[in-house]
Structures are given as C-alpha cells and as structure tokens.
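Single-structure report; data block below.
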C-alpha cells in the first residue's frame, strides 16, 4: 500500500513482505517542475498522465525492490513533455507572426504642421516689430546694416526658450505637436512612443537654421557690395559666385522635393528636419481635438452685416436727413426764443442789446458759407432768402435734396443766382 507520493518520487517501503534482507532503494532523479503552460494544456489530461506514471512506478517497484533501469519512463520521452514541446513551437510561430505584422504608421495632420510653422513666423514678426522700435532714433541705415544680426539675436532667444528647453516650439504647442527623435524610434513598441531629441540634434538644428541663415546673408551682402558677379569668368571670385548660385538653386530644388514628399507622407516639414530625423508627432495622442466655430460664425455674421450696409447706404440720402434734423432743431430753438422775447418785451433796454448782438453775429456769419464754412465765399451765389453760399455747396445741396432749406433762416430754397455788388 502506498502511503504518499511526493514530487521527489521517493519510493515507499513494502510493509507486506516478510523478507528480512535490507535493500537500499536509490530514488529516481527529481523531475523539474513543468513550465507555465497551464493556459495551453488541459488540466484533465495532466491529471491522467500523472496517474498513469504513478501506476507504472508502483508496478515496477512491486516486481523488484531495486531501482528500475529500463522499465522507468524517462523525462524526455514522457507524454506531457511532448505536448509541451509542440505547444511551445506553436507559441514561437505566433510570436514570429506578431513581430512580422506591419504596425500602423504614425499619421499626423499636415494642416496642423503647416499651421504651427505659420504661427512661429508670426511670433517672430511680432517680436521683431516690437524690437525695432528701440532703434527709432538711430541712424536710418543702422537697421539695414545690422538686420542679419538683429534676426540672429531674436531667433537665438526664441530657439533657446522653445526647442532647446522644451523640445518644441510655441506654435507646435498650440497645435499639440512636439519633436520626436525618429532615428531612435522603435516601431515594435508602438506609435505612442516618444523619444526626445538629443543635444546633438538640438545644436545642429540651431546652427543650420539660425547660424546658416545669418552666414548666407552676410556672404551674399559682401559679394554684392564688392561686385564679384562682374568679374571675368576665369576669375576665382566669379567662379565662387557661380558656385553659390548653383548651391542656392540646388537647395531650393531639394526643399521643393522635400515639401512634395511631405504632402505625400506627412513626415518632415523642412529639409533640415529630414536630415536630422526630427519629426513632428502628437504630444498627447489621446487628446481630443476640439474644433470651435465661434470665431467663424462671428466673422460670417459681421461680413453679412457689412454687405447689407454697403447695399443699403446708396439708397439713403444722408444730407436730406441732416437737413430735416437741422430744420427741426432750428424750429424748436426759434419757438423757444420767441417765447422768451414775449416774456422780456417789458424790458426795452435788454431787447435792444439782444438785437444789436444778433446783428453783429449775422454780419460775422455772412462772411462765411453756411454749408462749408469757407471764408471768403468761393463764387458767391444768393438764394431766395438773400443769404450767400458757395456755388458748389448750394448747387450740390439743391441737387441732392429738392426741399433744401437755408441753414440760416430755414426757408425753402427754390432758385439761386449769381451775387453781384449792384444787387
């Protein structure tokens, strides 16, 4: 009877035998624990295999009290080990298939990348316009002579505070973009992996974009000021001039080719970014892109309102409205003044003083055109009421408004005539 059977396969002693001979039974080598394939193998099959092994060992021990040599089941030839090997091969095949699967590439909206570049340019222009106000009282040619150095300082400051410190520009931050070291990117780890730029990439990008532009501008100015293009073709200066022109044309052609490639795959906006493997990717891939049409709606409303005003303005006679309001105000003031005159009729001295004051004001006013206030009146014309106007003023007012009234006496003007001293 078997009392216990542990993992070390220690054989139990047979208590039913009467033999007094002490035999030493060497235990079989311990089996290593099976690898973790419980998710693949069926538990019932494992239990059946273990029970069969135990029965075979018990039969072998009961027949002979010595260690079995040829009848024992070896570890390499056991059934569960064969199943394990077959399942492991299947897992290796699945792993190879997973590695060979082409992962989806990182797709960045091209419009966002172009908008970020445009925002960076506008930030630079804004700072430049503010910075140029410092040199308002300098010599006129100072800004022209040191324009490359001013741009160098401004771009260096912006580059230090943006890409060098943050790894991205301010325009990229507004578009949820950042630079990624595409050379160190591993596609197997997924497109969400973000490799920061190295110091070498940052320094080279600054030297090429900022220092290279300044050096190129200075060289061109020096060559133009010294007339290197007018030397003979065999002169070394002329050859150097031709080489620079060829280099500039080649750079523009490569930049155009890079831009067309960018429109095709959307990877690198500029040629320098492609050379240095600096690609723009989303800083937060899971961030939702909220699009607000509030500004667009407001712009459309004001645009429609402006078009309506421009359409209706020619149909409105502004001068006629002004004349109507003026007549209304004059009638109101005239009625108030007449009421006051009735109240003050009892005081003849005050009434005489007011009449003299009104005569002086009228004499001063007659020297000016009541419409344009020009002094002296140009080509004076008199109306039905006897007041003088400039010919252009009175003629235009009567053509615009057929019921035009005199601004001085509020009487309707129907005829005008040339004023002369004999009149």
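Residue numbering: from 1, along the chain as shown.
A Cβ is built for glycine as well, from the same backbone N, Cα and C atoms used for every other residue.
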I'm validating the feature mapping. Which of 18-48, 49-79, 235-265 is tagged transmembrane segment in Swiss-Prot?
235-265
Out of 171-197, 198-224, let me know the one Swiss-Prot marks transmembrane segment.
198-224
In three-state DSSP terms, the structure that residue 387 (Zn(2+) 2 binding site) belongs to:
coil
Between residue 385 (Zn(2+) 2 binding site) and residue 372 (Zn(2+) 1 binding site), how many Å separate their Cα atoms?
18
What is the number of other Cβ atoms found within 10 Å of the Cβ of residue 393 (Zn(2+) 1 binding site)?
19
May I ask for the residues of the chain that lie six or more residues beyond the transmembrane segment (235-265) and have a Cβ under 8 Å from a Cβ within it?
110, 113, 219-220, 223, 228-229, 271, 274
